[in-house]
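Written below as C-alpha cells is the structure these notes are about.
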Ligand code: ADE
C-alpha cells in the first residue's frame, strides 16, 4: 500500500506513524508513506499557501494552486489515474471499520490535510474523490485524522499484524465489541480469571466469549446491536438477558 499525503506538517505525520506496528510495517516495506509538503509547491516568493477569505470572515483559507501543483506532481509520476484522494474534514462521511476495510483493498491512496479555516472549494471540487470525518468534533487540521485512518487501514493489510488472526477477532469485525481478555496473574487484587477460560474446553470458551461480546455490546453500545447480523441463537441469548422483543 502506498500512501501519498498532502500536508503542511509532514513531520507531525512522520513522527506519529513511524513507531510501533505501523513503523515496523513501513520498515518492512509493506506500506510506504510519501509525505508531500504543500508549501514546497507554492509559487509565491515567501512560500505563502493561504490568504484572506473572499466575502470576509475570520481566519485564512488555503489557496488552490499549491495544493493542485502538489497533487499534479504525484499524479504525473507516482500513481494511477483512478487513485482515490481522501480529504479529511468534519463535513465528510464518518469513518468506520467498513470504510477501513474498503480502503485497505486499494493499491494506493492519497490524502489531503486541510488547515486554517478551510481550503478553497475549487481545488476540492477538482481533485477530491472522498470526504471523510473521524467524528463530530473539530480538529485544528487533518493531520491527526489522517493518522487515525492510516492506522485503521494498515492493520488490515496482510503482514502488518504479526499474528494474522488478530485482525479478525477484534471489536467491530462482526459488528460487536470484543469480549474481555485476561492474562497472568490468575489472582489480581482478589479478582480471579473466569473459570471457563482455564477449563481447557474450547467450545465452552468460544460460547462464553460470544455471550460476553453480545452482553457487552448491549450494555455499552446498544446502537450497534440493531446493525449487527445476529444468528437466531444470538438473538435468543440477548432476549434472555434483557427485555428485547424486536431484534
Ligand atoms: N479536520 C478537522 N476536523 C476533522 C474531523 N473531525 N475529521 C476529519 N478531519 C478533520
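Yeah, the Cβs are placed from backbone N, Cα and C, and that goes for glycine too.
The Cβ neighbour count for residue 114 (S-adenosyl-L-methionine binding site), using a 10 Å radius over every protein chain in view, is 24. Look at TrEMBL and you will find 114, 134, 135, 136, 137, 138, 139 tagged as S-adenosyl-L-methionine binding site.
Annotated domain 'tRNA methyltransferase TRMD/TRM10-type' per TrEMBL: 1-227, in sequence order.
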Could you check the binding-site residues 134, 138, 139 and say which one's CB has the most other CB atoms within 10 Å?
134
For S-adenosyl-L-methionine: widest Cα to Cα gap among 114, 134, 135, 136, 137, 138, 139 in Å:
16
Counting every protein chain present, what is the number of Cβ atoms, excluding its own, within 10 Å of the Cβ of residue 135 (S-adenosyl-L-methionine binding site)?
11
